[in-house]
Amino acid sequence: MGLPWYRVHTVVLNDPGRLIAVHLMHTALVAGWAGSMALYELAVFDPSDPVLNPMWRQGMYVMPFMARIGVTDSWGGWSITGESVSNPGFWSFEGVALAHIGLSGLLFLAAVWHWVYWDLELFRDPRTGNPALDLPKIFGIHLVLAGLLCFGFGAFHVTGAWGPGIWVSDAYGITGKVQPVAPTWGPEGFNPFNPSGVASHHIAAGILGFIAGIFHIAVRPPQRLYRALRMGNIETVLSSSIAAVFFAAFITTGTMWYGSATTPIELFGPTRYQWDSGYFQQEIERRVENSLNEGLSLSEAWSRIPDKLAFYDYVGNNPAKGGLFRAGPMNKGDGIAEAWLGHPVFQDKEGRELTVRRMPAFFETFPVILVDKDGIIRADIPFRRAESKYSVEQVGVTVSFYGGKLNGQTYTDAPTVKKYARKAQLGEVLEFDRTTLESDGVFRSSPRGWYTFGHANFALLFFLGHLWHGSRTLFRDVFSGIGAEVTEQVEFGAFQKLGDRSTKKQGAV
């Protein structure tokens, strides 16, 4: 037949049986990949430290998606929250992975069956015997099924009526766990950080989809609309389906990059804007201030700060810091976090408290500058010592630690002070193991960054695909001309089965 590689999908253009077959095979590949990827991630995942070495630092991609809808335990006896588990049941990480692989095998067999038995009576008009599909009715059936699935997820899985619930956490990603969520029907349901909206919106969207599906099954489209939108052409279905997919990809790109309601920071890592806005830094300062007001010492106040919160306040966990083309998990960059060393407070010889200006997300390198409470530069690590006026040695800077591993310790020697000033530029001071994974010191992005980049690109490609196929179906008569023999040739080809010379039609051009 000699079709070029970019035209091979013509084979299923007017062949519903094999169109079903290739979709089944595609779904088999997707399910098989998901299950296999989950098993691979489980093989390399280290569950020993959920606070400083969580799944997003290790580069896990499919595990966070399982965890956010209630799968948190392993047959290995561990949970991502750090507890030991004695009886996780079938719906563990391994169980979900094997279920996907089993589903993939069944879908493969179904694809083979539909490829072999492609010419079913179901695809023929009983009155004429000609191949015919009632595409508006098929659209309605799909809407009904999608609506039922959507409603079921919101009404049963999320609410815990028949399912585990979803991952719910506080605003700072400290206390997250899987729990049932009750739907909310007031304006608070539209708060993008309110998990109750997940339940209510799925219930509402499911009901709407079901009603819309019944409508499209029962009510025929007007003839003019049917013709104007080419509702009888399978390429119209392709075009509108691509539109639905690229729209969903754009939406989830935004919710992944900017939001954390359905993509919790405990599972996917912090967002870029939490670093840019000093989100965790402000919360830490608020907690310390409250503790001081209660009469605690500075050391006691900082010792109350959870390691988890301090760990978030570190630029290396910012997904925008990693660069798009540096392969590997975050741990391959700065290393495996082992401990929070504490909060460093710098002082000059005149007793002024100094703060290291933090590195913005955009910069790879940034000068180490220490400023006082009024924002005036009092010390730095100079590029050229010959012209230096504010060097650590000249200003006599010391550093004291509060909270963490170095709580209560003070350093006065300049090399040590400069070492911690460089670390403080990146946020809270942490200790990393760089040897185990041979980490190279170059920041990596988190799965949040990978997902966003991938789906933004796919959404753009699918948008162009929607325009292409939409144009083809709307202007098909312009492209191919009009006439009985041309329609026969373009629509159905010279063969009953495209490319199969044994099924040559009589009277075809």
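Every residue, even glycine, has its Cβ placed from backbone N, Cα and C.
Here Swiss-Prot flags 21-36 (among others) as transmembrane segment, drawing on sequence analysis.
Residues annotated as transmembrane segment in Swiss-Prot, with sequence analysis given as evidence: 101-115 (among others).
For 140-156 (among others), the entry in Swiss-Prot reads transmembrane segment, with the evidence type sequence analysis.
Panel annotation: around the transmembrane segment (203-218), residues 136-137, 139-155, 183 of the same chain, lying at least six beyond its termini, place a Cβ under 8 Å from a Cβ of the stretch. Annotation comment: Swiss-Prot describes 203-218 (among others) as transmembrane segment.
Long-range contacts of the transmembrane segment (237-252) within the same chain: residues 135, 139, 451, 455-456, 458-460, 462-463, 465-466, 469-470, 472-473, each at least 6 residues beyond the stretch ends and with a Cβ under 8 Å from a Cβ of the stretch. Taken from Swiss-Prot, the feature transmembrane segment covers 237-252 (among others), and the record attributes it to sequence analysis.
According to Swiss-Prot, the transmembrane segment annotation covers 457-472 (among others), on the basis of sequence analysis.
The stretch from 21-36, 140-156, 457-472 with the most CB pairs below 8 A to the transmembrane segment (101-115) is 21-36.
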